[in-house]
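The domain 'Cation-transporting P-type ATPase N-terminal' annotation in TrEMBL covers 11-85. The feature transmembrane segment is assigned by TrEMBL to 65-82, 94-110, 258-283, 289-312, 797-820, 832-851, 863-885, 897-917.
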Amino acid sequence: MNDLSPASTTAWHTVGIDQALRQLDSNDDTGLTAQAVLDRRQKYGPNELEEIGGRPAWRILLDQFTNIMLLMLMAVAVVSGVLSYRDQEFPKDAIAIFAIVILNGVLGYLQESRAEKALAALKQMASPSVRVQRDGRLQEVPSQDLVPGDIMLLEAGDQVAADGRLLEASNLQLRESALTGEAQGVNKQATRTLAADTSLADRKNLVFQGTEVAQGRGRVLVTGTGMKTELGRIAAMLQGVETEPTPLQQRMTQLGNVLVSGSLTLVAIVVGAGVFFGGWGAFERLLEVALSMAVAVVPEGLPAVITVTLAIGTQRMVRRQALIRRLPAVETLGSVTTICSDKTGTLTQNKMVVQRVRTLSQSLQITGEGYAPEGEFVSEGQPLDPRQVTDVGLLLVDGLLCNDSVLQKEGGDWAIMGDPTEGALVVMAAKSGLDRHRLGHELQRVVEFPFSSERKRMSVVFSGVHALAADLTLPKALANAPYLMLAKGSPEMLLECCTSGLKGTEQFELDQETRSRILADSAAMAAQGLRVLGFAYRSITTVPNEGDPDLAERDLVWLGLVGMIDALRPEVRVAVQRCRVAGIRPMMITGDHQLTAMAIAQDLGIADADARSLSGAELEAMSQAELEAVVKEVNIYARVSPEHKLRIVKALQKDHQIVAMTGDGVNDAPALKQAEIGIAMGITGTDVSKEASDMVLLDDNFATIVAATEEGRVVYTNIRRFVKYILGSNIGELLTIALSPLLLPILDVPLSPLQILWMNLVTDGFPALALAVEPAEPDVMEQPPHDPQEGIFARGLGAYMLRIGIVFAIISVSMMVWAYQHAQQGGDPDRWKTMVFTTLCLAQMGHAIAVRSGSRLTIEMSPWSNPFVLGAVLLTCVLQLMLIYVEPLRNFFGTHLLSSFELLICFGFSTLLFVWVEAEKIYRRIRGKVVRD
Ligand code: ATP
């Protein structure tokens, strides 16, 4: 092997194809050997870019401390520290508050950077695979495995995984904006060699890592991998993983503002009233009350619990085959109202098998299942050799050669590399005994007009036509033709390009009647749910211009129709039904025939027997306003192009729908970006569509979208559940502290800042985390989706928090008044404070158990359905008792010893909150009110 070190220094655009292959010691036909790949992997390392960019660590850390609640806590710590200093006391509270602030910041930092890493890892899971020629076989390998010298294949929608020198390019256009900033596609050519000073943007014989294939196909000799690529060199241009604040985090910021301003107002009132009635002498004590109130109102544990919940949500979704690429998608999924799905591969299995062939002379059935090339051609009940009938034989050749898929045996099973539609045609041809390798020796592909979802057809031009004579009787016009064009595509569109037809060996001009008959045959097959393709050919004398398919694909000779079956995914029917019950509207948006789409939609329950469907052509003729009206009723869109998808999403959004839209092609990216949830296909999706998506379906399955919306709803409900739980407690504490100067004969605070922090972090924190993993309510998919615009206090949550806060305060204040008097009768007179502290903590435990469901009573729920809640409650109770009965802790937290009678009183009072919450449920049930969590 030549020394490969110059790989990164050679100006590959100046080098011819043969020399490049020689220099990298590679082989155009067979590619590298497995051993050569191993050696080069060792030498060059994996084909990866070092992750750089994004927010630096110090910035993430600093951002944690800009939160208004943490700022307020810091101010509290400073004031508390000054007071302790003046009283010559150890500044326990100040240190604790600072510690909590720092802990909160560090936790937030760790979680955020972990979330970034986790998202990056998830993205890696969806990282592109590359088709390479190795050991004489076509193989699919992860992009990290590429080495210099590999022969890599490119097609529309691929993201180029390494730098390379083109060996072959057919209509190849790349979008290089990631590298050069140039938005226009760049046409590439393999044959040219360029001057050394050609700028990067003009190196038309090279492809670069990170760019996208907009159209066409290419074969590339890999010249540079990893950091030794153009992109690697300017890696600073690379974006790090984006993190956007989720809508929920934004709502939490708003909540923080409300809480902080609300509590500061209350503080002003308490301090103002205190000074007014008690004079300035009371100011210092009032300041302590104010400090406690400020600490009480901040839900210190909440941000951490939310981050953990979202992380758990993404994990749960991955387990159900839905890979989240952007964190906000986790919650948005819960509010999806419309799912627009492709048909092929998402609703169906994308395992095509040809069943029918209809030419102008024959109508044939084809037997056999799966991709095994075993089966017969049957005409009117009799087996038939299809190559004996010229139009059928030529159609089979058309299907075989106007085709980029490969049929190969993998571990004993037949498998398709490439598009399953084309794979089915290879299998069909193989059943007749046609062999591409044998034909390929003489027949050479000279031009190709690739398939695109807009054109819905493809064609290729071959030289060496005479080689076909060994397999079939050729029509006269073809016998001496220098070139043969073979075309296939959607029957209506291909027929438009035809002027004549072939019946047996006879070519004749197509009249209107024959055209109508062909279309009627196609419609009849489509109505049975078959995917129908048309086939045509033409003999030509000169090689057509690559850039203009419309000019070349004309005056074609019609050959016939092929109908293939694509079985439904068995789980989709149930998923569609679940969508309907959940108030989510399933829609089908497909490139396929209207009747095929309709037959499948009816079978799946997406459309009724008399439902209306809209074709791309009808949609094209509509104004956006007209479409907005139609989109409210029509669920089936057929023969659409990717740009129609964008219009449909926009029309649905105008109607305030929250749209999840699937897409796999290179041109689906705008629609995916526009939809609230853009969904790409993990298996068949192009890299470009994945890059534009919020979520990737690892199994391409519609049922997975429904599963992900369910998980989204569960996450959202659980967040509401623990927000309710935590903030009810904060309001209760706040009111208790604010009321104590009014109700007690002395001016004193029942809870020290340290104790409040303990409650907010530990006694609220553990149960809240346990509530975050609460399993779905059984009816979660029987409810309508929630409104994504709804505020944090929507659907009674604000009222609940306030109500529970007040009840909480009434319980603790009544207990406080009793405890105060009780404590004055002997023993430690400050015991009442510990009784209040304990009652507040224990009452929250009852609340945690009751809040698990807004409608079901606790006795109706199994404690084992979420054992974490039970565990958290037990743990917290033990910790609370330790604070009272373990001496060092008692000294540190400033609690007082309680007698068992006093402890019993605390337990008694604290159960009242549980009783209240349960009573609310019973009341609502009697009144017939339905609540949603
Ligand atoms: P969906 O959008 O649901 O995935 P689809 O796969 O049928 O549906 P397209 O791939 O855009 O949508 O195909 C549209 C039509 O183009 C098909 O109905 C078929 O007639 C034709 N077609 C599909 N694949 C090819 C191909 N490889 N070559 C030629 N024509 C094709």
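The backbone N, Cα and C atoms fix where each Cβ goes, glycine too.
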> How does the model score the domain 'Cation-transporting P-type ATPase N-terminal' (11-85) in terms of mean pLDDT?
Replying inline: 85
> How does the domain 'Cation-transporting P-type ATPase N-terminal' (11-85) divide up by DSSP, counting helix, then strand, then coil residues?
Replying inline: 47 helix, 1 strand, 27 coil
> Same-chain Cβ contacts of the transmembrane segment (94-110) under 8 Å, 6 or more residues past its ends?
Replying inline: 57, 60-61, 64-65, 70, 73-74, 76-78, 80-81, 84, 295, 300, 303-304, 307, 753-754, 757, 761
> What same-chain residues lie close to the transmembrane segment (832-851): Cβ under 8 Å, and 6 or more beyond its ends?
Replying inline: 721, 724-725, 728-729, 732-733, 736, 748, 750-751, 755, 759, 763-764, 767-768, 770-771, 804, 808, 811-812, 815-816, 819-820, 822-823, 858, 869-870, 872-873, 876-877, 880, 884, 895-896, 898, 902-903, 905-907, 909-915, 917-918
